[in-house]
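Swiss-Prot lists 92, 93, 94, 95, 96, 146, 189, 216 with the feature substrate binding site, giving sequence analysis as the kind of evidence. Per Swiss-Prot, region 'RNA binding' is recorded for 247-253, 271-275, and the stated evidence type is sequence analysis. Annotated active site, nucleophile per Swiss-Prot: 266, in sequence order. Residues annotated as Zn(2+) binding site in Swiss-Prot: 304, 306, 309, 335.
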């Protein structure tokens, strides 16, 4: 079994491209991770996700602990076997979903107590329990438990939240079972305050995580402020470890973040947009519901090799989406995921050539 490692092969200014080696295979960076929240990428077969070029996908601890439960998944052979995906899986810690989806959520030093959004059952999620669940799932990359600082937050609110995340990170690290080829990432917080981001990074680097995520962005602060934070936050992290920007997935945001030193991304945008009839292309987005596509016999993108573009016209996709056929969601999602993997491939090629990005979609 391979050791977990990150090898930077090319660098252009702050942008890096390379390979992350894991127990479940290699992933090329910069990488975009499709979101498979409940053990599935919506409207896609796992084999189809691999065909789009994805090297890794994301699963969600909160949703999987509720249904079908981590204990059931481990009895069935782990998440990889359960969903027939043999490549790397990163699982988030569950904290963000607990705080955003659950009613009567209460945050204490111990962890977060909450009621299930499904049936109202009460649960307690702690750094130890979150790490244990991710171990049971067999996650290739486990995320430390954190509090995603709401935006906007005052300096003092952000400081208190960041310090709690640091204490939780310590407990997560102490609970993590080290195995060859598996990894645990810490999450730095601090909202939009440089001093807090620097302190958070310093504290977490001392815990020697295998990689680091920048959390608490794309929560309403806007691109300009997000880029301002990314102008300095990645520089506080080790050069030789992966950097993951959580929940960011607009093409222009990805391109801007890569140019500031980020290696990994995840977002529901390509899948959610696909189900809602929006396609991403190199020439901008296409709302396939628009009546102007009813008689358009051309593909979404003439040089895209996804099944939607190889085999079907915009008129057919328009028809499927307008009448609510499942095939419409499948084809639009497949196209969007292919577009995002093509975008990452383009980004990696530009870094290898030492070229500035001259595109934003």
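In case you wondered, yes, glycine gets a Cβ from its N, Cα and C as well.
Given the structure is predicted, the values throughout are model-derived calculations rather than measurements.
Overlay of Swiss-Prot annotations on the structure.
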residue: 92; record: substrate binding site; Cβ contacts under 8 Å, 6 or more apart: 58, 59, 60, 61, 62, 143, 246
residue: 93; record: substrate binding site; Cβ contacts under 8 Å, 6 or more apart: 61, 130, 134, 142, 143, 144, 145, 146, 172, 187
residue: 94; record: substrate binding site; Cβ contacts under 8 Å, 6 or more apart: 60, 61, 62, 65, 125, 130, 133, 145
residue: 95; record: substrate binding site; Cβ contacts under 8 Å, 6 or more apart: 62, 112, 125, 130, 145, 146, 147, 148
residue: 96; record: substrate binding site; Cβ contacts under 8 Å, 6 or more apart: 148, 247
residue: 189; record: substrate binding site; Cβ contacts under 8 Å, 6 or more apart: 146, 147, 148, 149, 158, 161, 162, 165, 196, 197, 200, 215, 216
residue: 266; record: active site, nucleophile; Cβ contacts under 8 Å, 6 or more apart: 32, 33, 34, 35, 58, 90, 244, 246, 247, 248, 249
residue: 304; record: Zn(2+) binding site; Cβ contacts under 8 Å, 6 or more apart: 281, 310, 335, 338, 339, 342
residue: 306; record: Zn(2+) binding site; Cβ contacts under 8 Å, 6 or more apart: 52, 334, 335, 338, 339
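When DSSP labels each residue, the region 'RNA binding' (271-275) comes out as 5 helix, 0 strand, 0 coil, counted as helix, strand and coil in that order. In the structure as shown, the Cβ atom of residue 216 (substrate binding site) sits within 10 Å of 32 other Cβ atoms. Away from its own ends, the region 'RNA binding' (247-253) comes close to residues 32, 96, 217-219, 223, 226, 265-270, 280, 340, 343, 360-361 of its chain (Cβ-Cβ under 8 Å, at least six residues beyond either end). Of the chain residues outside the substrate site list 92, 93, 94, 95, 96, 146, 189, 216, 143, 145, 147, 148, 187, 215, 246 have their Cβ within 8 Å of the site's Cβ mean position. Counted over all residue pairs in 92, 93, 94, 95, 96, 146, 189, 216, the record's binders of substrate, the longest Cα to Cα distance measures 16 angstrom.
Around residue 309 (Zn(2+) binding site), the same-chain residues at least 6 positions away in sequence with a Cβ under 8 Å from its Cβ are 299, 300, 301, 302, 335. Packing around residue 146 (substrate binding site) is summarised by its Cβ count: 30 other Cβ atoms lie within 10 angstroms of its Cβ, all protein chains included. Other residues of the chain with a Cβ within 8 Å of the Cβ centroid of 304, 306, 309, 335, the Zn(2+) site, are 299, 300, 301, 305, 307, 308, 310, 334, 338, 339.
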